[in-house]
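Participant: What TrEMBL records for this protein is below:
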{"type": "TRANSMEM", "residues": "22-47", "note": "transmembrane segment"}
{"type": "DOMAIN", "residues": "40-289", "note": "domain 'G-protein coupled receptors family 1 profile'"}
{"type": "TRANSMEM", "residues": "59-78", "note": "transmembrane segment"}
{"type": "TRANSMEM", "residues": "98-119", "note": "transmembrane segment"}
{"type": "TRANSMEM", "residues": "139-163", "note": "transmembrane segment"}
{"type": "TRANSMEM", "residues": "192-215", "note": "transmembrane segment"}
{"type": "TRANSMEM", "residues": "236-260", "note": "transmembrane segment"}
{"type": "TRANSMEM", "residues": "272-291", "note": "transmembrane segment"}
Amino acid sequence: MGENQTIVTEFLLLGFLLGPRIQMLLFGLLSLFHVFTLLGNGAILGLISLDSRLHTPMYFFLSHLAVVDIAYACNMVPQMLVNLLHPAKPISFAGCMMQTFLCLTCGHSECLLLVVMSYDRYVAICHPLRYSIIVTWRVCITLAITSWTCGSLLALVHVVLILRLPFCGPYEINHFFCEILSVLRLACADTWLNQVIIFAACVFFLVGPLCLVLVSYSHILMAILRIQSGEGRRKAFSTCSSHLCVVGLFFGSAIIMYMAPKSRHPEELQKVLFLFYSFFNPTLNPLIYSLRNAEVKGALRRALCKESHS
């Protein structure tokens, strides 16, 4: 088994098992989503860095979320688009492990960042007078570094546990990228330790953060209901409901993939659910969290006016 493991130099990504015409249609559609993802999140990063009025904790965390979305899209989408043009495209073993590591790092970090962002909104709405005292720049930087560090370390643990496994042919991954569960199915040894670590990670990085987010927004909702102004209550509720939709989409699809009982076609279901991660979520995040915000719209107008004057 150890000898078989040394033979593995590449895997074959099967991608989407579709007809040529549907694959070309999917290629065009997903390419469009990818461009929107990069442009939207890139615009958010540019506006936050250029406009001093957006140098606040809220937009500091939003910039990190934009970086996660760009990194996630750049890690997964190009390989997926190549597979649509050239089905059953091989990927090197080292490249596959790196892709798995980056995917898990971005996924774990986004879970923690969403919790941090919900806490930031909770303090801003429920304790506005103490906001500047509680959410200092030192706290913001510490929370951001902690999110990235924890996400990277857990991803490293997953990859190290994969590297200890022997793999037996055929080396065909029934996915459009090196997703961890699809890679583990190729192992010809017991993967119980990997499965235990994955389940524990789901509890601490999915269920736990989701509960914290729901608690934060429940307090925010109660604070919104106490707002006297009907217009102010409507705007606050609209913003929070949009945020909850994104959070529900992100955590819901992840929980279904990694914690729900396996269906008859788990791999095909995972491909569909992972589209939410790699395309829809990164595209929706800048629209929901930033571009619907009056401050971001004002920053965009000022940037465009400055460009036209120059």
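Even glycines carry a Cβ here, placed using N, Cα and C.
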Participant: Verify whether three or more Cβ pairs under 8 angstroms connect the transmembrane segment (98-119) with the transmembrane segment (192-215), leaving out any pair fewer than 6 apart in sequence.
Facilitator: yes
Participant: Quickly jot the same-chain residues contacting the transmembrane segment (272-291) by Cβ under 8 Å, restricted to those at least six beyond its ends, or write none.
Facilitator: 30, 33-34, 36-37, 40-41, 43-44, 59, 62, 65-66, 69-70, 72-73, 76-77, 80, 107, 117, 175-177, 179, 242-243, 245-246, 249-250, 253-254, 256-257, 297, 300
Participant: Are the transmembrane segment (22-47) and the transmembrane segment (236-260) close enough that 3 or more Cβ pairs fall under 8 Å, when only pairs 6 or more apart in sequence count?
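Facilitator: Contact criterion not met.
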Participant: Given a Cβ distance threshold of under 8 angstroms, which distant residues of the chain, six or more beyond its ends, lie next to the transmembrane segment (139-163)?
Facilitator: 57, 60-61, 64, 97, 100-113, 116, 180, 183-184, 187, 193-194, 197-198, 201, 205
Participant: Within the domain 'G-protein coupled receptors family 1 profile' (40-289), what mean pLDDT does the predicted structure show?
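Facilitator: That stretch averages a pLDDT of 87.
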